[in-house]
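In what follows, a structure is listed as structure tokens, so that the remarks can point back to it.
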């Protein structure tokens, strides 16, 4: 391993090789190959897209506050519906959780100076802003794609063809970005750890990113195939998904869900990694069940590739397939439950500091249990057939995506903001943000379950007046969520400029990224660190001699 | 730290990644990427198989495939995988002329394959829009053809760069190696594709 010989060279010095010790502000707007810059670029752009997608959601909820369609035109409502989903998934959660945290943290956590392929990394990021621009352009060239974020044919082939084409192109771009990023993460984690770090001494976030990357690597190209076929159908006169010419619309659903079901694990596995980092630090305890958490990520990755048909129980799926996919779907709850159990066990008897990062992590635990359980009910074919395409489904996935992924991203931001910027976030303001978010999430997404059980269909702008009261409650919740981002964005911008200096390790954490300056210098360390203790060795009498789960560190590992 | 005197060359993360010493990482990255790309073809093949299974006559009468020319083409492409391997074997023995010869032959074989494919397209008598089979046929073979073209560009790029003195030696040969891996990938995809689309019509 040639790179290992180089990286342990102790005489390495900074500043002698032609680039500066610190980036200037404008470096963050250029094609920069530093993984920290790319991580920040991912985070900032995704947080901008979060505002765009959230704005669409607020407009839709305003429309849905009354049973009649009187605020948005039907076309515009459909376009917001489609692009809200697309932006939130592909341009907010995935780039923030995978691109942002993954790029910023992985090299720092494993003691590398950069990712394995820095230029590829920058290319992967720079596919995202144009994808967002293409989606935005589709609004001005025919009113935006209008067939929902799933874009099922034949609907997607008969509505607004040009915007639908642009939508496909945008998805292919973010998909390519995701594949290139995954290649980079896998090779980096595989080959660029400091020589003293064995696989089972790696922080759990890196394990989560391994699972995420494998999943993205195998699932994303299938979505690309679906997009290409749809593009050909719309623009070049083929008939893959045109039943009157022998095509088959269900084939599209298979291809689409083969990616888009694993995509929910793409959005939650990095969050599980963030949870596994935040909880032990703020509970001052070694993580409970290191290996269980690590392997359960890989199990979710594996099983997650065999569950996609549970989105298609009502698409004419054969009964034997329903049985198989019901069982495989329910099995996913097992490794997820192992993780939840391990985090609760880590909290048990810990010396918990209720920082905002910890509040969001604990909030996530409760939210995710609720959302996960409604997912288990949906995974069972008989119940799913009853509530399919109702607001029950909408409530479920928003519980896991907002209460899970978004809470996790917030938690990670509060935890690593000092490392990223060198300054602390304001804690009281953070707590205001947390309370608003928590109340808003419950108020917005819980009544949706009731609406769904009563039969309110999703994806519609008009509904029966009997649902009006619950819908008003949901809309009020959505407004609270909209307001909740104000203290957060204000906090981030203000603290980035004027916040309290953080110092290298404000939380007294044990993982390797806290051993360098905040923000880290350009090559991360002047002299690469040597692993002396596991990432979660809290409260040990001689913390420098124990491994991640508290066991003594073997004399030589490499 | 600025201006510290240090006689040993400083190696940084940025240089490391683009540096010849890190051939193992680049090859690994390419293989990981190709594993991913294979899944895209797998998606197309799955679609093809579903349609094949759900139609009584497949391919339909007016759109039957030509068999002789693609068979010859397959022979050329499959054997070019051996040829390109001879090329990388040569450079590993520091035989630059040998590498250039074998890579040149591979490029010629790839070009013949592409020309054969274009000739086939022009003489089949049906187009992309004719029916579902022709949709699948042109899409899968076309996508594969695009990949052959990319592989051809990679090989020509290696040949172009090999003009520089000592650019490829028995120690630094990541470029030829990666071109070879990509070419094998194109080949493997073609074998699956040929079996599915051409050979299965015989049954």
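Cβ from N, Cα, C; glycine included.
Remember, TrEMBL labels are computer predictions, not curated facts.
Per TrEMBL, the features are as follows:
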- B:27-51: transmembrane segment (TRANSMEM)
- B:28-202: domain 'Heme-copper oxidase subunit III family profile' (DOMAIN)
- B:71-90: transmembrane segment (TRANSMEM)
- B:102-122: transmembrane segment (TRANSMEM)
- B:142-160: transmembrane segment (TRANSMEM)
- B:181-200: transmembrane segment (TRANSMEM)
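For the transmembrane segment (B:27-51), the list of distant contacts is 58, 132-133, 136, 139-140, 143-144, 174, 177-178, 181-182, 185, 188-189, 192-193, 196-197: same-chain residues at least six beyond its ends, Cβ to Cβ under 8 Å. Beyond the transmembrane segment (B:181-200), the same-chain residues lying 6 or more positions past its ends with a Cβ under 8 Å from any Cβ of the stretch are 27, 30-31, 34, 37-38, 41, 45, 48-49, 52, 65, 67, 70-71, 74, 77-78, 80-81, 84, 106, 110, 136-137, 140-141, 144, 147-148, 150-151, 154-155. For the transmembrane segment (B:71-90), the list of distant contacts is 96, 98-103, 105-106, 109-110, 112-113, 116-117, 120, 148, 155, 173, 176-177, 179-180, 183-184, 186-187, 190-191, 194, 198: same-chain residues at least six beyond its ends, Cβ to Cβ under 8 Å. In the predicted model, residues of the domain 'Heme-copper oxidase subunit III family profile' (B:28-202) average a pLDDT of 93.
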